[in-house]
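Report on the following structure.
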């Protein structure tokens, strides 16, 4: 039974691992780009390019941009949480912190996702997932130097945490929208909404930092960032949410720091202190606890044990 379930879910898990790798690589590449150009200018041009590509994909896939009136507010919120507001926090935060810190702090999304799900009463979260989330938070505290005598929490770190909280909203809302709509149509609609939110600040930034002056390395990053991190990953992410639930899918984001951290060494010549590596490792342990033992309940386990003793 368990083997059949794993085999059935394997394509979903592989797809989510692909998403994690692309997002981890994208964090490093965009960090390179925003070290050369204005972060909002880069983001505005990127989304202005992605929007028509998403519409083209809708046409080629045969999907339709027809959404029920009852879902319009959810769709608007999804666009804001997944793209619009999220990108403001994420890209400005990335410009003011390291790629590794951005990825690690961004991996706190599952914690906020579970909080939202429980608060809304949409999913039941087992106690072992809460324990895993707590371990992951402890890891973040260690990473930031809370126990090393020199806390290094930067403004970029704070913005990245806000981005994680915002994207958690996208995870939760997608859990409601994904089962009812084609993933490509959902991507295009929310991306268009997000783009409309980015342009008011992005257009002035483009005038202040015109793309004609951007160096070649930025354009190389731009080409990757336009195609892969959203257009070729969000449908996979949304499909995963529809198949195995928002809480379980959100836990995969814990793997992004591994990719970003590993790639930032050769690509950004990054160096990590011992407490940063320890903190990242603790967060991964939290991921393992939440993922591998997430189907268990500590309360139920103790109740079962007490029952066995009584009998």
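Cβ from N, Cα, C; glycine included.
TrEMBL lists 12-34, 40-60, 72-93, 99-118, 130-149, 155-173, 185-207, 213-237, 249-268, 274-296 with the feature transmembrane segment. The annotation domain 'EamA' is assigned in TrEMBL to 12-142, 155-290.
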Please average pLDDT over the domain 'EamA' (12-142) for the predicted structure.
91
Tally of helix, strand and coil residues over the domain 'EamA' (155-290) according to DSSP?
118 helix, 0 strand, 18 coil
Work out, from DSSP, the number of helix, strand and coil residues along the domain 'EamA' (12-142).
109 helix, 0 strand, 22 coil
